[in-house]
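Undergrad: This structure is in C-alpha cells; I'll ask about it shortly.
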C-alpha cells in the first residue's frame with residue numbers, strides 16, 4: 001500500500017468520525033431514533049438519529065445528458081444513491097458495481113429500480129465523463145454533476161464527507177464516505193447500506209421497502 005492510499009484511508013476514517021458527530025447512524029434493531037411509527041419497520045436494519053428524513057433533500061444538478069434536474073426529476077422509482085468520483089481507482093468501482101448487480105437482482109423480481117452516482121469531483125466529472133462511466137456499469141444508472149457548490153450542497157444533504165487531496169497532479173485523489181442510500185418516491189431516504197452489504201442483501205432489502213411503500 002503506497003503513501004497516497006494510506007492518506008486516502010486515513011482521511012476517510014477522519015471524515016466518518018466527523019460525520020458521526022452530526023448525524024448518528026448505526027445498523028441494528030433500536031428504533032428509538034424514529035419519532036413516528038415506522039411503516040418500513042419490517043425492512044429496516046439501520047437507525048439514523050433524527051429519523052431517515054435527516055438524510056437527503058432538494059437539489060439542482062446536471063445529469064449525464066447535460067440536462068438540469070432536481071430531486072423530483074430523478075427520484076421517480078426506488079433509487080440507490082452513491083457519492084464518489086469517476087477517477088476513483090478502487091472503492092467507487094467496487095461499490096457502484098455492487099449497486100449495479102443489485103439492480104439486476106431487483107429486475108429479476110420485477111422491481112423497477114435505478115442507481116444514481118453523484119460526483120464529489122465536478123472539476124473532472126463532466127456530464128460526458130459521467131455518462132461514459134455509468135453506461136459501462138448499468139443502463140439504469142444515472143450520473144449527476146454540477147458546480148462545485150451544487151455538488152457540495154448535495155453531499156451535505158446526505159451527510160457525505162469528502163476532501164479533495166489536491167497534490168498538483170491530474171490524478172489527485174478525493175477521499176469520501178462510502179454509504180449507499182435508498183431513496184423512495186414520496187418517502188425520501190429510507191435506508192442506508194454500508195460497503196460490506198452484499199448485492200443479494202441490498203436487493204432483498206430494497207425489494208422489501210419497494211413493496212411496503
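Every residue gets a Cβ built from N, Cα and C, even glycine.
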Undergrad: Per TrEMBL, which one of 138, 176 shares the Cu cation site with 88, 92?
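TA: So, going by the record in TrEMBL, that would be 176.
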Undergrad: In sequence order, what residues of the same chain, 6+ apart, have a Cβ less than 8 Å from the Cβ of residue 92 (Cu cation binding site)?
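TA: 82, 84, 85, 86 - these are the non-local Cβ neighbours of residue 92 (Cu cation binding site), listed in sequence order.
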